[in-house]
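Reviewing the structure listed below.
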Amino acid sequence: MQKALKLLVCFCCAVLPLGVAAQQLDWKSVTRYNKAEAKKQLTQRFVEYVATDTQSSDKTATVPSTPGQKKLAKALAKELKKYGAKNVKVNNYSIVTAEIPANNGKDSPVIGLFAHLDTALEASGKEVKPQVHKNFQGGNIVINAEKQIVLNQTNSPQLSRARGHDIITASGDTLLGADDKAGISIIMTLVQYLYDHPEMEHGTLKIAFTPDEETGMGVEKFDVPSFGADYAYTVDGGDLGSLTNETFSAKAFTVVFEGLRAVHPGEAMNSPFADNLLMASDFHTLLPRHRRPETTSLRRGFILTDSIDTVGDRTEIKGIIRAFSDEEMQDLVNEVTRAFNTVKSMNYKGKNFSLTFTDQYKNMNSVLPEKVVSLAKLAMEQEEITPVLTAARGGTDGSQLSFMGLPTPDIFAGMYNIHSVREYADVDVMEASLRTLLRLSSLWSLQEKETQP
């Protein structure tokens with residue numbers, strides 16, 4: 001998951017979607033589900049997957065950006081075939097796709113499940129040494145005594161809800177890689193479960209593992225039409241019950257100030273001297289400080305200057321604007337425009353001033369059908385999990401997929417403190433995610449596929 005905070009919106013009571021009725025499929029009784037066995041499989045898979053260094057790189061435009069992602073992609077394809085998946089493919093970009101054929105005898109919607117192969121850039125992903133801390137009973141979890149790296153309820157408040165859970169950390173020298181090998185482990189355990197329990201009815205499921213999510217390239221090369229899913233879910237979220245159905249809308253802006261500096265500074269007073277660096281400084285100062293990332297939270301958007309580059313007489317400023325609503329986005333665009341126009345009116349003797357805006361992505365909530373969210377909420381409730389709608393203060397692969405024609409909210413995967421050496425996975429929350437997805441597969445199998453006009 002790209003490093004983006006999630007905000008709590010509300011605790012939700014799911015409305016029964018049309019065609020589902022109040023029936024609760026007793027899939028656990030039918031298949032004699034064993035929680036302890038599920039946790040064992042999740043732990044074994046997770047420990048195996050994090051052993052492969054799949055850290056992505058922002059130093060190349062090649063996809064995948066690192067060889068470890070190719071290695072893991074091939075291993076996952078082999079495992080998918082072992083557990084009965086059909087049409088297993090690994091393309092030139094190391095995108096893994098596969099199909100779990102329907103066994104319910106109905107024309108139900110085709111559902112996709114996504115996770116990403118790569119890990120973040122903030123710390124090393126090489127030679128990860130996972131530590132399994134079983135049956136957490138509170139207090140400190142010592143990750144690295146020598147470096148005094150510990151987990152506790154002060155730096156990781158979610159641990160207050162983890163008593164009795166199995167917690168996995170790294171050694172304090174690397175990332176753990178729970179983002180998103182927790183998601184991969186959950187999906188692969190689901191695939192094995194359906195293979196081992198053909199008595200559990202489900203519609204067609206499509207599986208996808210994608211590279212370079214952390215560098216923003218995760219689904220740029222993904223072929224949505226050939227994938228063939230009607231709806232999908234990324235398994236790339238955090239805390240128990242979280243369901244991300246919103247993201248920021250995003251714009252970028254570029255400001256150019258061209259000055260006149262081709263004179264000796266000692267003679268500048270009586271010459272056509274115009275300092276483009278001073279123009280840029282004035283512009284940056286005029287941007288509202290109360291709308292910066294470090295001064296905003298929850299549903300409040302921000303303006304951020306990303307870079308200021310100067311070559312001779314020309315200074316170029318690049319920045320971003322983030323907002324959840326169109327109204328707030330326009331307000332922030334107006335703030336940037338106001339700062340630019342103020343500098344422009346300061347009677348500098350510059351040659352050229354310009355300001356341009358570029359759309360990057362929009363809040364995926366605007367294109368998510370109600371059903372794809374409400375069924376996920378219902379699946380959680382039937383597993384006695386309280387669904388919590390969250391909004392990502394950033395973008396997700398799901399938001400990009402949604403605007404590519406595949407509606408894709410994000411479901412929790414039990415990863416915490418991501419992008420840091422204090423990263424950890426909660427195996428019990430991963431198991432709850434597995435149950436949610438199995439339940440969700442059953443609920444979708446009751447739906448009828450919508451006919452295209």
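Just so you know, glycine gets a Cβ as well, placed from its N, Cα and C.
Annotated Zn(2+) 2 binding in TrEMBL involves Asp179, His419 plus, out of the candidates Glu214, Glu383, Glu384, the residue Glu214. Close to His116 (Zn(2+) 1 binding site), meaning Cα to Cα within 10 A, are the following recorded positions out of Glu213, Glu214, His419: Glu213, Glu214. Measuring Cα to Cα from His419 (Zn(2+) 2 binding site), the recorded positions that fall within 10 Å are Asp179, out of Asp179, Glu213, Asp236.
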